[in-house]
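*Asks:* The following block contains the structure, expressed as structure tokens.
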């Protein structure tokens, strides 16, 4: 990802890739590991302002870095150890966590340290690697969100067709394809990335040196289309159809409940006719309350009489408050999952929209972008793009009940409590007498064994 190439100070003049964007008398304030230098006239900024801005920037970087690394490592561990969370959707969320962790570990330190030191000291290899890994991470995150949206659409709106290919092995193949496609798409970054001298005598910067301004513009527009607009349209359409299907499913269940109540009260005469047809692409669950991560509905196969009798005996009865039926509970669970995924998508695009816009603006009007975005705006855009790596763990913790439970179970497994030692009876104490419940259980067992007299 071409991160913050807006305020670059390079030797040379003109409108080419090496053109200087700093005015005469400008002072070098910071340099980014991605090759960005911010230059502003010293008369506009005092030493106290620069120190305060630097302290705020370092603090925010540290907080975002720790939250990104800790949160995504926790996601990877929990999804890897919990068998209940090994679903198709969570497989894509696991890939998303890996890409976010890659963005935090491989890019953030090499962006902050050059800002503090005023030069890029890591060499050409690290410069090319950081630029490449940053682009791969953003591309994988975008494609993973698209894959999740399409998978949810197939599971909820086309459940019969989705059951043929909706498996973890198919999800693994899709994940591998997203990483390979992202790796091929970002090949131009290491090819056209280099370390070159900056404004100072010994200052270096990691920059993209495109062959021409037209190539840079074409590349910016291509990334804007492939990684922002097209995925955004696909996800908007998919989640719109999903919301419509869930709404129709809830309406269908409400109509079924009202018709059942009317029949039980004798409102309908002449026998029980066929109920309302389910919405298009929907089906009834096979039974049981749905989990929070249901992957769709299953086809209800015909059962034998013994199975039906056993189901009638063991079926859960609604509570006194009139709890939701299994089908309604499954739809509500799907609604919660879709709501969580929508929050993830919205936050991702909110974090990256300013950067895509800034890069496209710079590709067509570098001097205007520099004048408008120098200083605090570009720092905010920078931090906002990196904040996308730490928002997903927060969303999971606040909106995913099973993930919270799995986190607690994982922590309990890693830090088990020592078992409490039972007090030993003293030698002069009598042995414990059986309780009333034990006697009742013993009497019931004896009577059941002997049978009727």
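Glycine residues also receive a Cβ, built from the backbone N, Cα and C atoms like all the rest.
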*Asks:* Do you know which of 30, 280 is annotated N-linked glycosylation site by Swiss-Prot?
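*Replies:* Annotation hit in Swiss-Prot: 30.
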*Asks:* Identify whether residue 57 and residue 219 belong to the same side of the membrane as annotated by Swiss-Prot.
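*Replies:* In Swiss-Prot, residue 57 shares its side of the membrane with residue 219.
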*Asks:* Of 229-257, 258-286, 287-315, which span is tagged region 'Disordered' by Swiss-Prot?
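*Replies:* Checking Swiss-Prot against the ranges 229-257, 258-286, 287-315, the region 'Disordered' one is 258-286.
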*Asks:* Residues of the same chain, at least six outside the transmembrane segment (380-400), with any C-beta under 8 angstroms of its C-beta?
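*Replies:* Cβ under 8 Å, 6 or more out: 1, 3-4, 32, 57, 60-61, 64, 67-68, 70-72, 74-75, 93, 96-97, 100-101, 103-104, 107-108, 111, 141, 292, 336, 339-340, 343-344, 347-348, 351-352, 354-355, 358, 373, 407.
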*Asks:* Just to verify a number: CA distance, residue 206 (disulfide bond) to residue 414 (S-palmitoyl cysteine), in angstrom, no decimals.
*Replies:* 42
*Asks:* I'm a bit unsure how to read this: which one of 58-79, 88-109, 171-189, 221-243, 340-361 has the highest number of Cβ pairs shorter than 8 Å with the transmembrane segment (132-150)?
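*Replies:* Between the stretches 58-79, 88-109, 171-189, 221-243, 340-361, 88-109 has the largest tally.
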*Asks:* Looking only at C-alpha atoms, tell me how far residue 127 (disulfide bond) is from residue 414 (S-palmitoyl cysteine), rounded to the nearest Å.
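*Replies:* If we compare the Cα positions of residue 127 (disulfide bond) and residue 414 (S-palmitoyl cysteine), the gap is 38 Å.
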*Asks:* Which of the three DSSP states, helix, strand or coil, fits residue 414 (S-palmitoyl cysteine)?
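*Replies:* Residue 414 (S-palmitoyl cysteine) sits in a helix per DSSP.
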*Asks:* Give the one range among 58-79, 88-109, 221-243, 340-361 whose Cβ atoms make the most pairs under 8 Å with those of the transmembrane segment (171-189).
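*Replies:* Highest pair count goes to 88-109.
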*Asks:* Quickly jot the same-chain residues contacting the transmembrane segment (340-361) by Cβ under 8 Å, restricted to those at least six beyond its ends, or write none.
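*Replies:* Contacts of the transmembrane segment (340-361) (Cβ under 8 Å, skipping residues fewer than 6 from its ends): 1-6, 89, 138, 141-142, 145, 148-149, 152, 220-221, 223-224, 227-228, 232, 235, 239, 368-369, 373, 378, 380-382, 384-385, 387-388, 391-392, 395-396, 399-400.
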*Asks:* 127, 206, 414: which of these recorded positions has the sparsest Cβ neighbourhood within 10 Å?
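*Replies:* Candidates: the recorded positions 127, 206, 414. Fewest Cβ atoms within 10 Å: 414.
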